[in-house]
Amino acid sequence: MNIFAILNHSGVFFKEEPVRELHASLEKAGYKVVYPVDAQDLYKMIEMNPRICGVLFDWDKYSLDLCSEINALNEKLPLYAFANQHSTLDISLTDLRLNLHFFEYALDMADDIALKINQATEEYKDQIMPPFTKALFKYVEEGKYTFCTPGHMGGTAFQKSPAGSIFYDFYGPNAFKADVSISMPELGSLLDHSGPHKEAEEYIARTFNADSSYIVTNGTSTSNKIVGMYSAPAGSTVLVDRNCHKSLTHMMMMSDVTPIYFRPTRNAYGILGGIPQSEFTREVIEQKVAATPNATMPGYAVITNSTYDGLLYNTQYIKETLDTKYIHFDSAWVPYTNFNKIYEGKCGMSGEAMPGKVFYETQSTHKLLAAFSQASMIHVKGEFDKESFNEAFMMHTSTSPQYGIVASTETAAAMMRGNTGKKLIQDSIDRAIRFRKEIKRLQSESDSWFFDVWQPENIDTTECWKLDPKDSWHGFKDIDDDHMYLDPIKVTLLTPGMNENSEMSETGIPASIVAKYLDERGIVVEKTGPYNLLFLFSIGIDKSKAMQLLRALTDFKRGFDLNLTVKNFLPSLYNEDPSFYEGMRVQELAQGIHDLTRKYRLPELMFKAFDVLPELKVTPHAAWQEELRGNVEEVPLADLVDRVSANMILPYPPGVPLVLPGEMVTAESRPVLDFLEMLCEIGAHYPGFETDIHGVYAQKDGSYTVKVLKQN
Ligand SMILES: *Cc1c(COP(=O)(O)O)cnc(C)c1O
């Protein structure tokens with residue numbers, strides 16, 4: 001951590017004897033000293049090197065500009081000024097929150113100054129570190145011996161075994177020392193929300209603009225179940241986004257509730273649209289209640305915000321219109337919305353509480369911020385019963401939570417605070433926009449095809465771009481105005497094959513082939529649709545990664561245009577079935593898959609598959625109970641029509657359930673089945689292109705089966 005910058009100018013400053021002495025004292029105290037050549041160099045250094053913990057400069061030479069520039073990068077960074085001559089304090093400086101210390105030039109003072117610098121450094125670290133993490137680190141540093149769990153005892157047990165030692169050496173000592181049991185009173189308890197754990201949750205709530213926040217160490221899958229199980233008692237009706245994550249289906253299998261659904265749209269590219277405004281109105285909800293056996297007016301509603309393709313809602317409209325006590329925004333994909341003003345009014349925690357309503361936002365901290373896998377947060381705004389809520393929390397939480405996950409969740413919050421946090425998010429947005437423009441430039445310079453970006457014509461303003469009913473780029477029909485917005489960070493690239501009017505062209509390049517190519521190059525795509533690929537510009541994406549992706553895309557184009565053999569171009573794919581791919585060229589492969597997609601009339605199928613929902617026969621809970629009782633049988637996929645599905649059927653991608661347990665695919669909802677059959681047929685034809693479909697079982701003979709309830 002301890003890098004100290006001394007701002008040099010014209011070669012004069014650092015030659016001075018006092019600085020030379022200070023340099024020696026700082027090194028003795030364990031600091032690494034660096035010398036930026038000028039102010040610009042210093043700013044770059046601070047930006048690129050978060051381990052810089054102090055800056056020394058000459059007050060007579062630099063003051064106001066330097067301080068305000070550094071302030072914008074990190075307002076907590078300790079600054080030290082050598083003040084020699086008259087030295088006045090500029091009045092506008094007092095407006096800045098600064099951590100500024102003055103020293104006089106003098107000889108033989110260096111050790112004293114280094115001591116003071118060291119104190120300020122420690123205070124600085126103390127200030128930027130969040131409470132639980134600090135307590136945990138302190139606990140580890142004290143190195144207590146314990147005689148409780150975990151059984152590895154700070155890593156000791158691993159080192160008594162050859163395999164264990166290899167494991168230990170890989171992770172290093174602190175991973176084990178910091179893996180401590182819940183019985184350390186000084187660290188409090190996650191389950192009781194006491195001690196440093198409580199402080200961590202309060203710190204997170206302040207950071208994320210929530211009334212209360214909860215740290216969940218088992219992903220948003222668990223956060224969603226906690227929220228759902230608290231908010232919807234048995235026998236009640238829940239209003240669920242049909243484009244929901246499977247954890248919400250699981251919640252409905254666990255809890256005896258009756259679902260009714262928000263019906264989102266889907267565009268011709270197969271991109272998930274939003275829920276239209278009308279779906280939030282009382283009239284439409286009443287109609288759904290009337291059409292569903294045993295349904296009553298719902299008290300709890302859950303909306304996926306943002307959608308899987310990066311569309312955010314006008315949440316203020318939803319909060320004002322939707323007449324349920326509990327409104328849950330599943331924001332697994334957007335834990336950063338509180339840290340840039342472009343997201344204002346588009347997320348669960350923005351705006352004020354509303355009397356009689358409770359707003360939740362669940363976020364996968366690990367997905368887009370920096371935290372260990374499974375790190376998740378629940379944020380709440382409004383009045384709720386904390387004790388009952390905590391029962392639901394504990395019902396889903398291990399009595400031995402991983403403190404590393406807790407600390408990383410809290411550290412993710414610490415990283416978002418202040419100007420350093422704002423800058424991280426702003427940089428991600430800027431980087432994504434630059435990438436978008438770069439693709440557009442390459443496209444305009446290309447003599448033939450190139451990748452396109454799913455975005456408005458004009459992206460010159462940094463904002464979440466509105467899906468305007470007057471525009472056609474988004475490919476949605478009859479969209480509401482001021483309702484949905486595209487997050488710049490979520491970049492969807494389009495491959496040739498389909499246009500925004502749902503027309504399929506003669507030739508095409510299915511996105512799955514591009515995804516396979518990128519995978520060969522070590523680039524993993526977040527999500528692959530039929531002719532679209534999604535890339536996330538999270539804070540971990542730096543310039544070199546963005547450049548690598550651009551390179552890979554242009555290389556793909558070159559290889560594709562040269563019509564290389566599958567063997568050369570996609571060796572891993574070739575190896576999945578060498579005899580099948582022998583001699584095949586990439587254009588033939590692309591066209592083959594494209595032709596299958598055309599045969600099934602994918603655009604129409606997509607619309608229809610999501611337009612008419614299968615019919616609810618029994619609740620997901622009841623269907624699951626039937627499965628447990630053994631009242632299910634496996635039938636060929638083609639026989640799904642007029643049978644009640646026992647499982648949820650969920651193709652990945654996009655990872656949203658198509659059929660829920662207890663639902664029957666009827667003649668009207670048959671496109672659902674056609675869609676599944678298309679996915680299966682592509683997989684059956686082309687080794688390596690099998691779609692992973694939860695709830696559909698591949699048999700040895702190449703056929704597919706599903707589980708349905710037995711007919712009495
Ligand atoms: C990923 C995801 C979840 C589950 O989050 P985990 O942290 O992986 O458990 C929930 N909802 C949505 C919308 C998701 O995309």
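Glycine is no exception: its Cβ is also placed from the backbone N, Cα and C atoms.
With helix defined as DSSP H, G or I and strand as E or B, the domain 'Orn/Lys/Arg decarboxylases family 1 pyridoxal-P attachment site' (362-376) counts 4 helix, 4 strand, 7 coil. Taken from TrEMBL, the feature domain 'Orn/Lys/Arg decarboxylases family 1 pyridoxal-P attachment site' covers 362-376.
The N6-(pyridoxal phosphate)lysine annotation in TrEMBL covers LYS367. For LYS367 (N6-(pyridoxal phosphate)lysine), the same-chain residues lying six or more positions away in sequence with a CB closer than 8 A to its CB are ALA332, TRP333, PRO335, SER538.
Looking only at the domain 'Orn/Lys/Arg decarboxylases family 1 pyridoxal-P attachment site' (362-376), the predicted model's pLDDT averages out at 96.
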